[in-house]
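Novice: Reproduced below are the annotations present in TrEMBL:
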| type | residues | note |
| --- | --- | --- |
| BINDING | 37-43, 62-66, 131-134 | GTP binding site |
| BINDING | THR43 | Mg(2+) binding site |
Amino acid sequence: MDGPGLGEQIDVGVPSFLDDLDRLGARDYQPTEQDILRTRVKTTGIVEVHFSFKNLNFKLFDVGGQRSERKKWIHCFEDVTAIIFCVAMSEYDQVLHEDETTNRMQESLKLFDSICNNKWFTDTSIILFLNKKDLFEEKIRKSPLTICFPEYTGRCLVHAIETPTQFPASSRQP
């Protein structure tokens, strides 16, 4: 598989922190909002959060995306009203940690398709959230989209950034 191997997949926050070592090492350092947003804690297991907004009670489950974590999800999905499926756009040229032959974006496509077409979720709203667009826009200049989507024929970077991915094609069949 083309693209970065596991050893080249640096956590997205690391480069920005390395560029700012003097500020981070200062005695009076206080993290900025951007510092906090760039930190990451890998989800393992299931993290449940309860919160209220405008007199509505919400129960949010953050489930690990690794294959080994998926079997733990099923009991969380009983009676859910919505699923927010998050995909990092910037991972189109990366492989899974647990399987160096599988592209992360292709794995996400497969999982998204299985959730969209699962009989348990026919009455569930499914929201696709594509994040890390800023990293994608930087990366696409160096790493071609054809690594993940060989059929892509866009002629320039603007097309790659503006072209919707294949995720909408995974929507439910009537």
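Any Cβ shown, glycine's included, is placed from N, Cα and C.
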Novice: Taking the Cβ of LEU37 (GTP binding site) as the centre, how many other Cβ atoms fall within a 10 Å radius?
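Specialist: Taking every protein chain into account, the count is 11.
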Novice: CB neighbours of THR39 (GTP binding site) within 10 A?
Specialist: 10
Novice: Sort LEU37 (GTP binding site) into helix, strand or coil using the DSSP assignment.
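Specialist: Once the DSSP labels are grouped into three classes, LEU37 (GTP binding site) ends up as helix.
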Novice: Among the binding-site residues VAL63, LYS133, which residue has the fewest other Cβ atoms within 10 Å of its own Cβ?
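Specialist: Sparsest of the binding-site residues VAL63, LYS133 by Cβ contacts within 10 Å: LYS133.
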Novice: Going by DSSP, is LYS133 (GTP binding site) sitting in a helix, a strand, or coil?
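Specialist: Looking at the DSSP assignment, LYS133 (GTP binding site) belongs to a helix.
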Novice: May I ask which residues of the same chain, at least 6 positions away in sequence, place their Cβ under 8 angstroms from the Cβ of ASN131 (GTP binding site)?
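Specialist: Residues satisfying the criterion: CYS86, VAL87, ALA88, MET89.
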